[in-house]
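Below: the structure, in structure tokens.
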Amino acid sequence: MVQSSVLGFPRMGVLRDLKKANEAYWADKISQEDLLAEGKRLRLAHWKIQKDAGVDVIPSNDFAHYDHVLDHIQFFNAVPERYTSQKLSPLDEYFAMGRGHQKGGVDVPALEMVKWFDSNYHYVKPTLQDNQTFSLVKDPKPVREFLEAKEAGIQTRPVLVGPVSFLALGKADRGSSVDPITLLDKLVPVYVELLKALKAAGAESVQIDEPVLVFDLRPEVKAAFKPAYEAFAAAGAEIPSLVVATYFGDIVHNFDVLPAFSAVKGLHVDLVRNPEQLEPVLKQLGPTQILSAGVVDGRNIWKNNFQKSLGLLQTAIKALGEDRVIVATSSSLLHTPHTLASEKKLPTDVYEWFSFASEKVKEVAILAKAVTQPEAVKAELEANAAAIKARAESKRTNDPKVKERQAAVTPEQHIRQTPFDSRYAQQKKHLSLPLFPTTTIGSFPQTNEIRVQRNKFTKGDITEAEYDDFIKKEIDLAISIQDELDLDVYVHGEPERNDMVQYFGERLQGYVFTTHAWVQSYGSRCVRPPIIVGDISRPAPMTVKESKYAASVSKKPMKGMLTGPVTCLRWSFPRDDVHQSVQCQQLALALRDEVVDLEANGIFVIQVDEPALREGLPLRKGSERDAYLEWAVNSFKLATAGVQDSTQIHSHFCYSEFQDFFHAIAALDADVLSIENSKSDAKLLKVFIDEEYPRHIGPGVYDIHSPRIPSEEEIKQRIEEMLEFLKPEQLWINPDCGLKTRKWDEVKGALTHMVNAAKYFRAKYTKA
């Protein structure tokens, strides 16, 4: 009999319940016991959703109060000494690693956060020491949560990040030089101990996630699979059976690793991202191994095309038989919203096109029945076919005017008028920029009052004129604070914006929006990605009114803030019926109009943020990556190249791991880059020397994801480190990301220290 399986379920709840509970705990509004009780309530609710949908294999240990990799750091006792020495409670120690801790005499920054493969989810990077040890904590979370489900009458399959992936995704701590993968022999016995504990608790099977198998692996990492899984095989019946899960790519290029898995029960592969790997994988499986076929998309919100999925499943069943095939989600459903049932305002013609997490678990169960008992789900199959047909024939998807404009794009539209040196001389004079200029990335705190007023305007409780007056007052406040701080390039603070992608999507044709379709980005931070349903165009200016007003009341250059075409694409749910390069070029043309309009209205510094550029990079080197970088870079240049030389183009990027595609960063031809760098080693900036990067850069000098306020000396130390790799005339001083999630006292304290540090170096190098 074909079974159904879910690799993981979203954690936040229907109405972001976990976010609210976590933040209430951080604000000392609820107790630790209350927070843990809410976590248990959510887990039970999520397991019940899957059981009621008819899913056969339900995951546990997929829940996390902050991040699932951070969970592993803690229950394997891999917590750096700077946290353990503070004698915090286990829960507070956990949150300190995720978001920093600055109260009660304790002041520790957070561990580094990095994007989870090519998704918009951020994981906490394991940070390991030269003398690293591992041990299993008492009452480990995977066992505790398995027993919790068992007590509720639900048999689950616990989920663990595999030992090779855990180490390969980690890094050496500052001051250490250990290659994490060399710690395998210390870590694997602890995994075996945990697996034995799960077996003793009654677990029959465990899902071991080894997603690094979709990468081009270093020989040392590839070689690590053999001893790790031989150790599991040696444990035999003392541990549960194992299913190794991969996702977000194909594993064909790592087939030489598969013999290491000869003793595991089965293998999961992502057939949404790479359906062409199915037949090669079928040939590699052992004579009794099962295939977990990931045919229901864990990363997007489109309704599954049952006919297409059934074709893949039937191929697998023909090769293996019914008992050796499991119908599964392609990855964890962590990357999708909770339920479509919460959406009451979606246009009726598109509502039936979508499927969120709660609906996807039903799709998995339906497909498992459909491959062997199609008559039992005949109504569901017919309804699915009708929805797929309606979408394909919808007039929403096609705008001839957009296609005509795309066809007329020329190479010249991608090129600035003159090279950087010539135009920067004009910009410096025009903008009166000092050495070590200071600025922020764009957003200022989104206070409760801002959210209240925006909600009133959305509901029609206040007029547009009243809302505009409120926004002007917030802009006035942001500018007065920047006057007080003495920054060099101002921002208007973005009080009118709900989200850096949604705000623009709401002003573009081709998008639809949800009310409650929140997706976890990191910790308690959730985003509500807009959905691209058709060809994209800009009916009217989107940001000019607020930026023009801000410039009119500012004594310093005002920076216009836009979200770039790649990020608008990546942080939306994109269409799956049109190549992403086509959607990205449409966004670029819409943004090009906005950039030109900003310049015409007196905005001569324009930041076009592309934090998702690195995220969108295909996970493997080769032709797919080259093609992506070509269309992504061209989209940015198309959006920004329409201005005069005296107008300065900035762009912001999350994370500084640029080594593999630095040529593309340089090819953007932005005048100033700002990057999220505060939790990374400054030595990563060496690439800017090696590649003789000619333009300007602002590596983040402090971490905005944490509420802690860095000292002036701490920021000076960061700048000193940066000056080992960058020329003084290249360096801008800024936070490492936007400040919308911070409070004003945190912002003022941190920026005061930042500006003072910049002035110190300005004076030092001016005298020199």
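Note: Cβ is positioned from N, Cα and C throughout, glycine not excepted.
These numbers come from a predicted model, not from an experiment.
Taken from TrEMBL, the feature active site, proton donor covers HIS705. In the structure as shown, the Cβ atom of HIS705 (active site, proton donor) sits within 10 Å of 21 other Cβ atoms.
According to TrEMBL, the L-methionine binding site annotation covers ILE441, GLY442, SER443, GLU494, ASP609. For GLY442 (L-methionine binding site), the number of other Cβ atoms no farther than 10 Å from its own Cβ, over all displayed protein chains, is 27.
Across the range of the compositional bias 'Basic and acidic residues' (390-406), the DSSP-based residue counts are 14 helix, 0 strand, 3 coil. The compositional bias 'Basic and acidic residues' annotation in TrEMBL covers 390-406.
Residues annotated as domain 'Cobalamin-independent methionine synthase MetE C-terminal/archaeal' in TrEMBL: 436-759.
Among the features that TrEMBL reports, region 'Disordered' is placed at 390-413.
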Segment-level pLDDT (mean, integer) for the domain 'Cobalamin-independent methionine synthase MetE C-terminal/archaeal' (436-759): 93
Do you know offhand how many angstrom separate ASP609 (L-methionine binding site) and HIS705 (active site, proton donor) by C-alpha? 18
Write out, in the order they occur in the sequence, the residues of the chain not among ILE441, GLY442, SER443, GLU494, ASP609 that have a C-beta within 8 Å of the mean position of the C-beta atoms of the recorded L-methionine site. THR440, VAL491, MET500, MET561, GLN607, HIS652, GLY738, LEU739, LYS740
Counting only residues 6+ away in sequence within the same chain, which have a CB under 8 Å from the CB of ILE441 (L-methionine binding site)? VAL491, GLN607, ASP609, HIS652, SER674, ILE704, ASN734, PRO735, ASP736, CYS737, GLY738, LEU739
Integer Cα-Cα distance in angstrom, HIS705 (active site, proton donor) to SER443 (L-methionine binding site): 13
L-methionine binding residues ILE441, GLY442, SER443, GLU494, ASP609: largest Cα-Cα distance, in Å and rounded to whole number: 14
